[in-house]
Amino acid sequence: MGVTLPSRPKEGSASGRLCGACAKLDFAAMFAKETKQIAMGPVSDYSDLNCPFCGLIAKSIHLGWEEKGDPKSASPGGHARSPELFIQSRSPLSVQIDGHVQHPQPRLLLAVDQKPPGFKETRGVIRQVDRVKDRFIVAEIERLPDDAAKPEYIVRRDVATTIDVELVKSWLQECQGHKHSVDDSSKTTETKDALFGGPDGFLLIDVVDECLVRLKEKTDYVALSYVWGKLATILRKNVEKPDQIPLLLTTVGNKEELAKPGALTPERVPGAKIAASVLDAMSLTRAIGQRYLWVDMFCIVQNDGNEKDRLMAVMDDVYNTATVTLVAGDGTDADAGLSGWAPPGRTPRRPRSGHPLKPTAITTPASKAHPPTTLRLALCPPSLVEEVRRSTWNTRGWTYQEQHLSRRVVYVTADEVFFACPAAGQQRRESYTTPPNPAVQQLRTGPPWWTGSLRADPDPTPYRYLGDAAALGGLEYQAAVQAYTRRELSHAEDALNAFAGVFNRFHAAPSAAAAAEIAQTQGIPAHLMQHGLLWFPSGQGGGAGGERRSTAKQRFATWSWASWVGPAEFVFADSSWLSRIVSLAPARGVPLHVAIPRWHLGGGSSDGGKSTATSQIWSQQSWAAAAAAAAAGEEGSDSRSISTEAYLGDRVGVDTAALLKGGQAAVEPPARGELGFFAAYLGADDVKLAQPAKPERFVSMEIVSGGHRGEFRFDDKGDEARGVAVDEFVLVVAADTVEGPGKLPKTQSVFLGVAMSQDAAGVVSARRVGLGFVYYAPGEDSAKPAWRYKHFRLT
C-alpha cells in the first residue's frame, strides 16, 4: 500500500501562521544556536496547506523524491508507512569569537528515515557519515536576515536566469593573486614542447576570427569539458536517429577549410552543425576576455590516428596549461548548450530558473524565552558537490581527468555557476558571497551531514587538483582511482587511456621511479605499487561490486583495478569492509612495511614487449639501502631497529635475507602488462578459509600456524560459488594498527590471494582472485607463519 506524499502548496498560498504541529518547534532556539535531533513524527502529520513550514516540508520531500511518487517501505507488519521526519540545526561555520570557536548562523536540517526511491550514492565511503543508516537529508533551510546592515559571515544572493559574466570575471581576477597562480607565472614553459612545440603547433579555436589556428608560441586559452553523447557526427551516423543533422568535427579532409576566418559560424556549415555547447563556449570565452578555446572535437583531427595518440598522451598538459576549464555540467550531450548563458541582448540557448530569493515568512508563537517573531526562511540551494554528482557529465570516465588536471574550473550547472581553483577553501558561487573575515576558520561548502560529532567538512568539493606532482602520494592516488572507477566508459578498452593524464601526473612526482608506460604498470605508478595493488571491488550499498572487464581490443591484468568494472576501494582508505584501525594507518603516519623488495615490470612498447633495465624497481628505499649494505659487506646498523627488515623479521617472522636475495636474482622478464616479484607466501594448506553454507564474498581467514585470524574477500563472488581455489596467499605489506590512547597496536598484514596455472610451454603464472588480512596473535610465544618463498608472475 503506497503512502501519499504531502501536497505541495501553490506559490504564495500559505499564511505566516504555523499549524499546531509546527508551532511546537522552537525555531528561535534552533536558529540561535545548534540543536540536537528532534523527532517530528510522520511526514503525513505535516500536510496543512495553510501552514508555511508545512509548505517547506512538502517542497523538500518532493525534491528529495525527485517527483517520483510515493515512497514505499516495508514495515515489520508488511504495510507501507509514512516516513518519519527529523529536524536539527547545524552551522556551516567555525568562527573564532572572543577567543572561542563558535558556530554561528545555524541552519535547519530536515531528514526522513526512508531512502528515497532511486537514491544512489555516487561518492566513495565516508565512514563517519555513512554510519548513520536511517537519516536521509531532504532539505537544508536557512534564515535570511531582517536587517540588511547586520553583518553576516555568509550572505545569500539572488541568482538570475542568466549568468553574471562580470562575477565570473571577478573570480578569475581574484585567482590571479593566489599563490598557485603567482608560482605558475614564474615557471618556465615546461609544456611548450608537448603542446606548442610540435612541427604543426597546437590547434585551437580563435573565437574572435571564428576559425581554427595552429600556434607555436604558448598562449592563454580556455578548455571545454562536456559530454559528447550519442549524437551523429560527420564521421559517425546515429543509427537510432538516421535523419539527425550530424555535428561538425575536424577531419583530415576539412582542417584547411576550418582554418579560414568565419568557418566556425553556423551559417558556414552546410549539411552539418556546430554543437550548441561549443558555440556557447566560444561566446563565453570572448565574454571573459580570452581569445582561444580548446575543444577536443575541433582541436584533435578526429580521423588522424597519429595525432589522436599524441594528444591523448599529453591530456594532462592540455588541461593543466589551460587558463581555465569550462564545465558544461548540465545536459546529456554536446548539443545541450551552457545553461543560462547568452551574450548580452540574446536569449540563452538553454534557459535556467536560477535561484531567485523568495523567502517563506513564518510567525513563531510567544514563549518564555522568546517573543513572537517573524522569520524569513529559504531552502538552501544545492552545493557544487550535489550539482556535479547528479549530472551526466560526472558519470563519464573521460571528464574525470579534465576536471582534476585543470588549474581553474568554472562549472556551469543547471541553475548556478561555481568556480574552483587549487587555493585552499577558494570555492565561489553565484548564490552566496563570503565577505573576507579572518575570524572564519572553516566554511562548509559540501553537502550537510547528520552526524553531530563530525565538524570538519568531509566532502567539500568535487574538485581536487592533481596538477601539482610534488603533492601527490599514495593516499591521493587511491582517492583518484576511487573517484574515477565510479564513472562509466562507452568503450571498455579506454579504461587506461581515460586515466592516462592522471597517471602521468603521479609519474611526474619527485619520488617516482623511472618513467614507465601506463600499459606496463596497468595504471598503477610503479613507486606506488604497494598502495595500488591493494584494491578491491566496492560493492557499496549492498551491490554486487561490478564484474571483470572484458574487451577484445585490450587485455587488463587481474592484479590491476583496471580489470574491474565498477567502484574500487582500497585497504588503506575509508571503506565499508575494513576497520579504521587498519585503513587509517598511513593517514596517521604509521609506516607500511612492504614485504616485496622489488617489482619487475613488463616491457614497454619501445622494446618489443621485453623487459628493460628500468623495469626493476625497489618497492621502498629501505630495501635499496639494505641491498647496497649487503653488497658492501656491512652487517646491520643502528637503523635496523626501525627498518622494514627488522619489522618483518621480528614481528611477522619473515626471512628478509632470503627475500632480498631472491628479489635480486635473475629471472625471465615478465611480458607487457605482467608483474613479477619475489615474495613470501603461504600455501592453501597453511591457511583455513571458512566454508559458508552459501557463496559469500567475505569469508573468515585463519593462518593455521599460530592462529592468526582475519578475513578474506573474493574479488568475484562467483569465484567462491564456482569453487575457485586460492592456491597461495602472497604477503604484500605489514604494519601496526591504529589504536586509541593506552592501547598497544596489533600487528596486521595484507595478502593477495592467487590461483596458479601453467601454460603449454610450462610457464607458471598467477591470477589474482582476492585480498585478505590478518591480525597476528599477541605474545612472544605465538608461532609465526611457516613462510615459503618464490618468484611470482602475476597476469
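For all residues, glycine too, the Cβ spot is worked out from N, Cα and C.
Per TrEMBL, the features are:
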- 221-402: domain 'Heterokaryon incompatibility' (DOMAIN)
- 335-373: region 'Disordered' (REGION)
- 428-454: region 'Disordered' (REGION)
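Sorting each residue of the region 'Disordered' (428-454) by its DSSP state yields 0 helix, 8 strand, 19 coil. Beyond the region 'Disordered' (428-454), the same-chain residues lying 6 or more positions past its ends with a Cβ under 8 Å from any Cβ of the stretch are 36-37, 88, 90, 92-97, 101, 107, 109, 111, 128-129, 131-132, 135, 137, 140, 151-157, 159, 163-164, 167, 171, 174, 355, 381-386, 416-420, 460-461.
Residue counts for the region 'Disordered' (335-373) under DSSP (helix as H, G, I; strand as E, B; rest coil) come to 0 helix, 9 strand, 30 coil. Taken together, the residues in the domain 'Heterokaryon incompatibility' (221-402) have a mean pLDDT of 93 on the 0 to 100 scale.
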